[in-house]
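Accompanying notes for the structure given below.
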Amino acid sequence: MKIELAKKYGFCFGVKRAIKIAENTENSATIGELIHNNEEIDRLHKKFGVKTLNDISEITDEKRLIIRTHGITKDDLDVLKSKNKELIDATCPFVKKPQQIVEKMSSEGYDIVIFGDKNHPEVKGVKSYAKGKVFVVLDVSELKNLKISNKVALVSQTTKRIENFTKIAEFLMTTTKELRIFNTICNATFQNQEAAAKLAKKADVMIIIGGKNSSNTKQLLLISQNFCKNSYLIENENELKKEWFLNKEICGITAGASTPEWIIKKVVKKINTMC
């Protein structure tokens, strides 16, 4: 069986930057999970003493605090700034972009529509910068019953699919007089999704490596399943099953933006020993 990696996969700029920050900030604590990958978070804890706090209420005697890649809410940031702590911001620059857009456009009187998951930490952070009305939706059907003004600004969670974002934009074009569209989907996300789709079209089995709570990794799984029914999401090599590869000729592999190369190599090695 041939094993083929997607042309684009794995660590994005924002995650690489955050990992480097954490490694250079030993014996610190992150506010929320730094990235959505349990294996890498465990490595940072064991090797560099970087622990994870669920939220700011858990802060005690920590002297150095790291803001997660997904960012935090404006209120939480203000609280952190008021504390006598060293604050290191690992928020991805591409996540800060929709935060800034939402703050600016809402201050200019625009209703804000965010395409994303309302429970995702990135979306919670972006939403908190709105000064007026803000709506979070995942599809067009959710927009139909909302009372939105004729002056709207649209942004997206950085890890969402461009096709679905476009559908939201097209609908709003027919219902508003003034619409400002900001494509805040990360370019690395788009490239990884495109590469996964291309590989899944020819693969007999697809392995997607990443955190099961990772938005961009789950998107890769959904995309792969559109073209390859034998698509599986795993966090590490121990979750692989031999029967997945029986009578298969091509195994495609891709990985989420928070998946380190060392995990990917372990998965490839394990598949080689199984086949």
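Placement of Cβ uses the backbone N, Cα and C atoms for every residue, glycine included.
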Based on Swiss-Prot, name the residue from C92, C275 that is recorded for the same [4Fe-4S] cluster site as C12, C186.
C92
Cα-nearest neighbour of H70 ((2E)-4-hydroxy-3-methylbut-2-enyl diphosphate binding site) within the listed recorded positions, C12, C92, E122, C186:
E122
I need the neighbours of the isopentenyl diphosphate site defined by H36, H70, H120, S214, S215, N216, S258. Which other residues of that chain put their C-beta within 8 angstroms of the C-beta centroid, in sequence order?
I35, E122, T159, G211, N213, T217, G256, A257
I need the neighbours of the [4Fe-4S] cluster site defined by C12, C92, C186. Which other residues of that chain put their C-beta within 8 angstroms of the C-beta centroid, in sequence order?
F13, G14, V15, T69, F94, V95, T158, T159, A188, T189, A257
